[in-house]
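Some features that TrEMBL has for this protein:
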ACT_SITE  S68  active site, phosphoserine intermediate
BINDING   S68, D282, D284, D286  Mg(2+) binding site
BINDING   E376, A377, N378, R497, P498, S499, G500, T501, R506  substrate binding site
DOMAIN    60-93  domain 'Alpha-D-phosphohexomutase alpha/beta/alpha'
DOMAIN    108-175  domain 'Alpha-D-phosphohexomutase alpha/beta/alpha'
DOMAIN    183-289  domain 'Phosphoacetylglucosamine mutase AMG1'
DOMAIN    303-436  domain 'Phosphoacetylglucosamine mutase AMG1'
DOMAIN    481-523  domain 'Alpha-D-phosphohexomutase C-terminal'
Amino acid sequence: MSINLRTVYAFAREMYPKTSKETIQYGTAGFRGKAEFLDSVMFRMGVLATLRSRYRGGSVIGVMITASHNPEPDNGVKLVDPKGEMLEASWEAIATDLVNVSDQELEQQVAKIIKDNNIDVTTSSQVFVGMDNRYHSPRLLKAVADGVIALKGNVKEYGIVTTPMLHYFVVAANTKEAYGKPTEEGYYEKLIKAFELLRNGRLENGNYRNSIIYDGANGVGARKMLQFIKRMKGSLNVTVINQGIGVGKINEDCGADYVKVQQRPPKSMPEVEPFTRCVSVDGDADRVVYFFSDDKGEFHLLDGDRIATLVAGYLMELVTQSEINLRLGLVQTAYANGASTDYIVDKLKFPVSCVPTGVKHLHHKALEYDIGVYFEANGHGTIVFSDNAKATIAQAAETKESAKTLLLLIDLINETVGDAISDMLLVETILNHKGWDVQDWISSYNDLPNRQLKVKVQDRNVIETTNAERECVKPEGLQTEINKVVANYKRGRSFVRPSGTEDVVRVYAEAATKEDTDDLAYEVGLLVQKLAGGVGPELTKPNSAHL
Ligand SMILES: CC(=O)N[C@H]1[C@@H](OP(=O)(O)O)O[C@H](CO)[C@@H](O)[C@@H]1O
Ligand SMILES: [Mg+2]
């Protein structure tokens with residue numbers, strides 16, 4: 001097979017010309033932006049995925065077209081490496097260079113990647129592509145597929161799938177089906193089988209009730225949940241709201257990001273009994289948060305930190321009962337609620353580490369443990385088991401029930417990446433086991449009030465951070481000012497960082513009371529406006545009165 005790089009250039013120029021002059025960066029989760037400027041990016045990512053597949057000896061590489069929790073007009077693309085991980089960091093720079101060169105430079109740039117990485121372009125390659133249900137996703141998927149074809153690669157299109165489903169397909173194919181069948185049906189089958197075996201016919205227990213309300217964010221997570229329901233034979237009663245079929249825009253006034261950041265239920269929430277267990281997923285169903293309203297109508301959130309602590313506690317219990325010796329660890333980011341970290345360290349006695357935002361960082365760190373639990377506060381996370389852990393558990397399962405349960409949990413968990421539906425089924429399993437309702441769950445510790453603000457600045461990259469993003473080193477003087485403000489608040493903590501998915505600087509604040517938290521976030525937000533080139537209207541003070 002010979003490759004003519006002229007074809008790539010001709011394809012690009014004729015069908016996917018680069019229309020935006022702005023430099024774009026491979027961010028927290030790939031490239032994101034307004035859909036109308038992404039055609040050339042997608043085509044080039046098809047090209048890159050093919051090269052990457054050849055570079056990795058023909059292993060399958062995944063390409064997911066989604067802008068996750070962003071508004072509907074946005075889209076984006078993330079690459080999935082052979083083991084289901086996010087694209088290796090050193091290739092992010094290669095990706096960034098490739099999407100930013102002009103059409104005329106493209107041929108030369110592709111040649112450079114081939115040469116620098118010693119890629120044999122005559123070998124076979126395989127790229128799996130999936131997309132969310134944004135109306136522009138099919139057009140962008142075609143651009144990715146054409147990028148693969150331009151380099152004579154093989155492409156398999158999965159159509160509309162969740163991000164974690166695509167990760168699963170990639171790993172299933174690369175492990176020659178040891179991880180499962182690389183089909184949609186194979187995915188449902190694997191998760192549902194493990195879930196139903198874990199339930200073992202016991203659908204209710206103690207305070208645990210077998211039904212939930214599920215907010216699908218008008219996204220692909222809604223459609224796939226409906227498929228789960230069809231196959232689950234009543235092992236969990238799920239009512240899906242924000243199905244996004246015909247009405248409703250992705251993530252608009254609903255979904256995991258809205259619920260977490262706004263700290264309120266989706267706008268379309270139906271009247272339900274107090275303490276009804278509800279979940280929200282995001283636009284590509286890799287995040288999940290729980291929430292409920294109490295008998296006074298007050299809203300309560302059970303976010304990624306809560307899920308992490310629940311899961312960590314349960315795994316610890318099973319490992320102890322199985323009398324096996326495994327290194328357990330939990331990974332968080334700076335956004336983790338301070339109270340959750342205290343609870344994990346003081347009560348659960350679980351080792352905790354803090355890494356920069358973005359699943360790629362958490363996943364990487366979690367791999368250092370035998371059982372690594374990682375969650376972002378926004379509900380994005382999973383658990384990874386080392387080969388040693390799997391072998392040890394399998395051996396113990398010959399004699400110990402608790403180890404058998406652990407084995408089933410491994411099947412229920414989508415280890416490849418955070419998976420809203422798999423995580424939800426895991427939480428349901430644990431709550432059922434403990435006989436807990438949401439009140440039991442939330443009473444394990446008290447969250448510190450917290451608040452996030454977005455500040456618009458001229459160039460968000462003027463902010464540079466260190467110490468897992470908890471300290472800001474540039475612009476000079478900003479951190480000193482933040483420290484001064486934070487010192488005035490009891491249990492105060494605040495940090496700022498440039499978002500990797502939106503053109504904003506994010507401000508995080510927590511403190512002993514809601515009022516203090518709002519004041520602290522506002523004061524730090526003003527500092528960012530003043531010292532980091534704020535643009536746009538004067539910041540308005542947040543108000544937690546509705547909380
Ligand atoms: C504070 C926050 O929730 N940040 C999110 C958000 O990243 P930013 O870099 O903050 O825009 O999107 C990422 C991708 O979904 C997710 O991994 C991350 O946790
Ligand atoms: Mg997402």
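Note that Cβ sites are derived from N, Cα and C of the backbone, with glycine treated the same way.
Same-chain residues with CB within 8 A of the center of the S68, D282, D284, D286 CB atoms, the Mg(2+) site residues themselves not counted, are T66, H69, D132, T162, T163, G219, G221, A256, V281, G283, A285, R287, H380, A420. In the vicinity of ligand 1, defined as a Cβ distance under 6 Å, the following of the recorded positions S68, D284, E376, N378, P498, G500 are placed: S68, E376, N378, G500. Taking D282 (Mg(2+) binding site) as the reference point, none of the binding-site residues E376, P498, G500, R506 has a C-alpha atom within 10 Å of its C-alpha.
Beyond the ends of the domain 'Alpha-D-phosphohexomutase C-terminal' (481-523), by six or more residues, the same chain brings 27-29, 32, 68, 70, 76, 334-335, 337-338, 357-358, 448-457, 460-461, 463, 465, 469-472, 531-532, 539, 541-544, 547 to within a C-beta distance below 8 angstroms of the stretch. Less than 6 Å separates the Cβ from ligand 2 in the case of D282, D286, drawn from the binding-site residues D282, D286, N378, P498, G500, R506 in sequence order. Ranking the binding-site residues D282, D286 by C-beta neighbours within 10 Å puts D282 at the top. When the domain 'Alpha-D-phosphohexomutase alpha/beta/alpha' (108-175) is classified with DSSP, helix, strand and coil residues number 35 helix, 13 strand, 20 coil. R506 (substrate binding site) is surrounded by 24 other CB atoms, counting those within 10 A of its CB over all protein chains shown. Between the listed binding-site residues, namely D284, E376, the fewest other CB atoms within 10 angstroms of a CB are found at E376. Using a 10 angstroms CA-CA radius around D284 (Mg(2+) binding site), the recorded positions that qualify from S68, P498, R506 are S68. As a whole number, the greatest separation of Cα atoms within the substrate-binding residue list E376, A377, N378, R497, P498, S499, G500, T501, R506 is 17 Å. On the backbone, the CA of R506 (substrate binding site) and the CA of S68 (active site, phosphoserine intermediate) stand 18 Å apart. The two recorded residues P498 (substrate binding site) and the residue listed as 'active site, phosphoserine intermediate' have their Cα atoms spaced 18 Å from each other.
Checked against D286 (Mg(2+) binding site), the recorded positions S68, E376, N378, G500 differ in C-alpha distance, with S68 being the nearest.
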